[in-house]
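Engineer: So TrEMBL lists the following for this protein:
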- 18-35: compositional bias 'Basic and acidic residues' (COMPBIAS)
- 1-35: region 'Disordered' (REGION)
- 52-73: transmembrane segment (TRANSMEM)
- 161-178: transmembrane segment (TRANSMEM)
- 184-202: transmembrane segment (TRANSMEM)
- 247-263: transmembrane segment (TRANSMEM)
- 316-337: transmembrane segment (TRANSMEM)
- 349-370: transmembrane segment (TRANSMEM)
- 422-441: transmembrane segment (TRANSMEM)
- 466-483: transmembrane segment (TRANSMEM)
- 489-511: transmembrane segment (TRANSMEM)
- 523-542: transmembrane segment (TRANSMEM)
Amino acid sequence: MAEEEGPTVELRQRRKLKSSENKESAKEEKIRDTPMPERAPKHVLFQRFAKIFIGCLAAVTSGMMYALYLSAYHERKFWFSNRQELEREITFQGDSAIYYSYYKDMLKAPSFERGVYELTHNNKTVSLKTINAVQQMSLYPELIASVLYQATGSNEIIEPVYFYIGIVFGLQGIYVTALFVTSWLMSGTWLAGMLTVAWFIINRVDTTRIEYSIPLRENWALPYFACQIAALTGYLKSNLNTYGERFCYLLMSASTYTFMMMWEYSHYLLFLQAISLFLLDSFSLEQSEKVHEVYKIYIFSLFLGYLLQFENSALLVSPLLSLVVALMLAKCLQLNVKKGTFIAKIMKVINFYLVCTLTVTLNIIMKMFVPHKENGHMLKFLEVKFGLNMTKNFTMNWLLCQESLQAPSQDFFLRLTQSSLLPFYVLVLIICFLSMMQVIFRRINGKSLKETITLEDGRIGGRPEIIYHVIHTILLGSLAMVIEGLKYLWTPYVCMLAAFGVCSPELWMTLFKWLRLRTVHPVLLALILSMAVPTIIGLSLWKEFFPRLMTELMELQEFYDPDTVELMTWIKRQAPVAAVFAGSPQLMGAIKLCTGWMVTSLPLYNDDDLLKRNENIYQIYSKRSAEDIYKILTSYKANYLIIEDAICNEVGTMRGCRVKDLLDIANGHVVCEEGDKLTYSKYGRFCHEVKINYSPYVNYFTRVYWNRSYFVYKINTVISFQS
């Protein structure tokens, strides 16, 4: 039997070899049959070179001008160069103050290695808590900035604060340049890039938060994501040559990994991108291999990020990894079936179901076996946000009251409409989406389509990069309609997509083909409109908004906060070095930056322990007894308490969203269902009562400093109950 089996196996191997040889020969024949492109005349090459050169020059110039504009606007807004160091540092508010404080710590460290060690084993920021600040707060931008500042010898030329904000402004210039290039790649004209930049700057209130908070992680990360999208757009193009494809792949790999290192929430954004690519792969069969190459980049970036981010388990249990692994497994199980047949359609549905099921299953399994600190408060927040649950929890209700976590206001849509951005975006999106659906239905029905799309075809929805961008912008837009803070991810996309559409002859040609235009030659009219419409838009934007931008740069604004300056000066002069301060998290961030003193809480919302601390410290504005507040503060080893008059006497915010209102609800001092009827509390509001200086408050707390905005109390270590 063994002797008989040998020839059979050999025969099977020969058949396999023969089939593989046939495939290779078929590929060689296809390559031979493909006509070699004729060499373009010299004048055509010169025109192409001139077009690329002018476009690149315009892209780089746009980025540089935007960075300079941000620098000039920041100087005018804060009068930065004429201020002392303390006054400059006060302009960093909330979590921005924490990020910049660690940059200062790195510069003060005797060596880079020692500085990194102190940040990864940090016990000088939050009392009774040792944290890995680099991992928990994604401080890689600060590490890089400190290295560059010292390695380039900039400490002899420029102050640290100017170097730091200069890097961020430079990255914003790269951000704008990347959006320019993406729109240019999609439309074929750099005029679209110019229009993208114009819309981005005019709508900068809704496209970026750089004006409000410079060191935010998203301001460091999103420029790299924009570069990744630009590289991905070029990579998905059907007519890209080998060298261009390699360049795009390398740029995409580098920018994906860097983006993941800069922002802790980056893998969620890449998850949305992976969904878009999965749907593209389902609808457009031509780019399947390229899409799976992008999946490999995701896996490489995730595991490299896991190793270099101190074995960050959040990356292993991320939905991105589960989805990519599911897609890889589904591809291995996929059968080769003739396109357009009924079986092929059934297999597509089965493959889609398999990917969704595998993704959910893998994510559950990973969470079961990989130890991780999941942000449970995020899931609870989403439940309450979408009405699936109700809570009286202070932290949840406080997050719900934040403007950035609410639905977009009407003013947002009004601003986009006034700049003509929203109407053109809707027009472009509708045309691209309908064209995409038309192409998809034709493929489902098995109709053959031309591989190379020409202008005369009027089929803009057949291009892979257009399908990807349409799906991606719909996903981002859907999220932005629910949470306003996500508009900073979607609105730049809106600028880029709207500019590409009005400048693309293919889009106009697609529209004319549907309208069956016969009076004028549609191709000629499409070419004319692709130049005329953006020119008219550009001139109208210039006339209406350019004077406003110049006025903003001309007028001097002044950030004047003498009370905070006086408070920080008193702390540096009067408080002991080992003192621990308690107060609102936003103020604690400023104290950490301006004085270096230890605090009880931080304005960070990705750690359950810090969130609990924040809620406990906020009790100083509730109706609790002096003894309760004293026990809370001493449990965190606090020596000084700071009461902010703006929070204690808060009147201007949304009804039910003041800090003291939320505390009353959480503590059961207000019953919302009975029309905000106050329930019994035998104690007055602590922040009011402690100012009156009567027993028992004076027994626990001694006022040592006050001004119009702040009241500082020393927490007594020896309690006297004498009246």
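Glycine is treated like the rest: Cβ placed from N, Cα and C.
Automated prediction, rather than curation, is the source of TrEMBL annotations.
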Engineer: Hey, which bits of the same chain come close to the transmembrane segment (422-441), Cβ under 8 Å, at least six residues off its ends?
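Structural biologist: For the transmembrane segment (422-441), the list is 283, 413, 416, 449, 459-462, 466-467, 469-470, 473-474, 494, 497-498, 500-502, 507, 510-511, 537.
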Engineer: Can you work out which residues elsewhere in the same chain, 6+ from the ends of the transmembrane segment (349-370), have a Cβ less than 8 Å from its Cβ atoms?
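Structural biologist: Cβ under 8 Å, 6 or more out: 278, 282, 313, 316-317, 319, 321-323, 325-327, 329-330, 333-334.
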Engineer: Is it the case that the transmembrane segment (523-542) and the transmembrane segment (184-202) touch, counting contact as three or more CB pairs under 8 Å in which the residues of each pair are 6 or more positions apart?
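Structural biologist: Judged by the Cβ rule, the two regions touch, with the required three close pairs present.
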